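*Asks:* After the structure tokens below, expect a handful of questions from me.
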């Protein structure tokens with residue numbers, strides 16, 4: 001009973017019998033290495049546990065909405081206000097993006113002029129029919145009505161996209177254009193003279209620069225062709241939209257050649273790196289004179305040099321009255337599009353140009369992947385710039401936020417679903433100016449109807465039943481501009497009735513419609529907030545962002561039982 005029991009682990013640390021000095025040294029070295037690896041694993045496990053504990057207090061916000069709804073611009077507003085140091089460091093890298101925006105707009109004008117010179121028709125074939133089963137009392141194909149020849153606008157919908165979203169014959173338009181310009185006795189193309197041909201030729205180098213800028217920004221992809229999302233639902237789920245056995249009219253696939261990148265941060269970093277290499281090459285080679293003109297210590301590159309040399313020609317093209325008339329005839333309003341900078345050519349097409357905050361907000365670079373940014377939203381800029389390394393506790397709850405911006409095209413919305421889990425808030429962008437527009441990836445679908453379909457899907461998701469929902473009724477500035485031009489909302493939304501055709505009433509009407517969808521489809525009661533926004537207006541958006549931040553943080557702390 002009193003005898004000492006043998007140590008069962010002694011066999012593992014007892015030296016082997018007859019061990020030589022060399023063997024002992026080798027064994028001890030191996031044991032030391034094994035202990036080192038074991039200690040590293042322990043440290044990594046501690047760090048992972050600490051990070052998991054810290055991440056528990058992180059607020060996650062997901063930005064949702066269709067393509068070009070303003071998600072990326074909203075994210076820029078958050079970063080400009082609450083991640084100022086990183087924003088200032090990144091701002092200069094947007095120069096290549098803004099230059100690409102300018103060039104793409106000029107090329108759009110040149111191609112439109114060429115189409116007018118070539119006599120390309122304005123009409124397009126009607127899109128395919130939809131199954132009658134999609135309509136009340138369905139059964140068979142639904143014949144598409146054609147607008148009267150003298151219809152002022154060919155985009156009139158023969159249904160109300162808000163009455164039964166997703167159940168409408170969303171291909172009810174023909175693309176015939178009829179206007180006083182198209183009925184002129186003298187063809188408009190005859191007004192395009194040799195001067196315009198010369199401008200086209202002199203602006204030719206911009207196409208080479210466009211390719212160079214795309215290459216500089218990294219591997220990208222073009223926007224989907226019209227029809228790429230046929231048969232896909234609001235979240236890229238195949239709805240069987242094809243019509244077996246139907247004699248559908250073939251769609252003319254009009255490709256919208258917008259460049260996009262998968263990773264925005266990587267693209268911006270690469271553009272800066274390539275630009276610096278080109279600047280060094282120019283200053284050491286044939287571009288020495290150009291660098292001297294730019295000024296001692298200033299960098300220049302080929303894209304900047306070509307833009308500077310084409311400045312007067314670009315201004316002449318944009319201010320030409322015949323060109324403006326051609327654009328109006330073909331219903332192209334460049335001023336309403338993201339990335340429009342032609343009114344700032346004197347400032348941008350220079351060797352000393354540096355992007356401003358407003359320039360970056362207005363710049364357009366389509367993102368194809370998921371963009372993730374961490375911010376520390378506080379109204380104290382010094383505190384926002386500080387990085388806390390202390391152990392997390394209840395006082396750290398809600399200090400760190402992660403914002404997720406996902407692509408909005410129908411063809412890539414399936415990537416949204418994994419982000420629905422463990423999300424504290426969703427900011428949903430619904431552009432209110434698009435009641436008379438169609439999706440670029442599927443011209444059968446009205447953009448406003450698509451927003452309602454998406455909103456209904458988000459509201460009804462059980463994964464998001466406890467998530468705070470924030471709706472931005474965005475692009476109110478474009479809505480005001482469109483209504484001032486005489487566009488009648490009731491022509492596209494019959495349910496709007498005889499309400500006043502002004503922006504305030506339209507926004508109020510749509511807000512109530514979105515609230516109605518929320519009430520009817522939410523699995524349970526939840527916090528929700530609605531804002532009328534124009535996110536390109538940084539001053540007005542700053543107040544909205546602060547209110548949104550306070551609302552999300554308050555709801556998060558309540559749900560976490562911290563208040």
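Cβ atoms here come from the backbone N, Cα and C positions, even for glycine.
TrEMBL annotations: computationally assigned, not manually curated.
From TrEMBL, for reference:
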- 367: Mg(2+) binding site (BINDING)
- 474, 475, 476, 477: GTP binding site (BINDING)
- 21-36: compositional bias 'Basic and acidic residues' (COMPBIAS)
- 1-36: region 'Disordered' (REGION)
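Surface or core, plus neighbours and distances: that's what I need for these features.
*Replies:* There are 21 other Cβ atoms within 10 Å of the Cβ belonging to residue 367 (Mg(2+) binding site).
For residue 476 (GTP binding site), the number of other Cβ atoms no farther than 10 Å from its own Cβ, over all displayed protein chains, is 23.
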*Asks:* When secondary structure is assigned with DSSP, how many helix, strand and coil residues does the compositional bias 'Basic and acidic residues' (21-36) contain?
*Replies:* 16 helix, 0 strand, 0 coil
*Asks:* Note down the number of other Cβ atoms within 10 Å of the Cβ of residue 475 (GTP binding site), including every protein chain shown.
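*Replies:* Taking all protein chains shown, residue 475 (GTP binding site) has 27 Cβ neighbours within 10 Å.
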*Asks:* What does the structure give for the C-alpha distance between residue 367 (Mg(2+) binding site) and residue 474 (GTP binding site)? Integer Å is fine.
*Replies:* 19
